[in-house]
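My questions all concern the structure below.
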Amino acid sequence: MASGPLESIQGDVPFYRCNPPMVLGEAPIYRSSDSTLHWVECIEDPATLWILKVDPSTGDAIGEARRIELEDSVTVAFFRKDVPGSYICAYYQGVAFMDEATGKLEVIKEIIPTDQREELRYNDGGVDAKGRFWLAEIDKRAMAYGPNKLPESYGTPKGRLWRYDPDGSLHMMDTGVICGNGLAWSPDNKTMYFNDSVAMMVFAYDFELESGIITNKRLLIDRRSSFGEPDGMVVDTEGNLWIAMYASNRIMVFDPSGMHLKDIVLPAYSPTCTTWGGKNFDIIFAASGKDKRGEIGVKDEGGHMYKYKPVNSKGTPKFEFAG
């Protein structure tokens, strides 16, 4: 914990209101070539891809977002290097390419069999500096117990972390995951970060860039005695982690040692995922979900899109898949 009073910054109202509000907005990514913000609504049926033009200096919305219906739930997507108009994504059961114009999915690696859809699904992911796609699973039965409530009798959670390489090879990188989320890398590419939201923990690994191997897993941030589920995150150029903390109204900022530096407080109870954008990559864009508590009289601005321009902090573009 920080030694002094924690800095708390009041964030703004949504800069873009989705109509109707999204049940679970996820996976924002920014494309600088046309200053567009792309994200998904992954829970509604049908799931949808949203593409919004934004001002590259202010991040303000320009016009209305284009919405494309998807064939299956997509929870995370990244641009493909040298393949315009195409994303690599995690769909419910594995890896697919997604067409920007039509939303059509081309399944390239089914990992979870159809008969296990009630047990497992894909969630968040990341692309490393070598253009490899990492994707993490949810153990749906373990997640149903709630944050930090999995009984010992359940045993080891069944979620896994995978790496899909541009050559088409698939590698299982870790196991024992309840709800895999928020992959990110340090600026020097020597550390990888990975969140297990429902376990309420953030892990760090030693990362070997050339091989993509991870070792020395350790607990970096522990929220089990506090509040908030670590969801999507990005790293700034100083190596600080900007984590959308689900069920907390906050984007929380931690230094590379895990020290809690500050909070950006939002009017959305459940921020889900962050990305850097704008012409200088100095604007944080964040997706959010609707408040599931259903409390009468509780005002919540979830299900919309947020932005925040920090002072003296900036990030870099998210890497693109090299296949």
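The backbone N, Cα and C atoms fix where each Cβ goes, glycine too.
In TrEMBL, annotation is done automatically, which means it is predicted and not curated.
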Going by TrEMBL, N181, D231 bind divalent metal cation; tell me which of E7, E26 is listed for that site too.
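Between E7, E26, TrEMBL records just one in the divalent metal cation site with N181, D231, namely E26.
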Which chain neighbours of the divalent metal cation site, leaving out E26, N181, D231, have a Cβ atom within 8 Å of the mean position of the site's Cβ atoms?
A27, T75, N123, D124, G182, N195, S197, G232, A244, Y246, T272, C273
State the count of C-beta atoms found within 10 angstroms of the C-beta of R121 (substrate binding site), not counting that atom itself.
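Other Cβ atoms within 10 Å of R121 (substrate binding site): 21.
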Out of N123, N181, which of the binding-site residues is least crowded by other Cβ atoms within 10 Å?
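Least crowded of the binding-site residues N123, N181, by Cβ count within 10 Å, is N123.
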Rank aside, I only need the closest one: which of the recorded positions E26, N181, D231 has its C-alpha nearest to that of N123 (substrate binding site)?
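That would be N181, the closest of E26, N181, D231 to N123 (substrate binding site).
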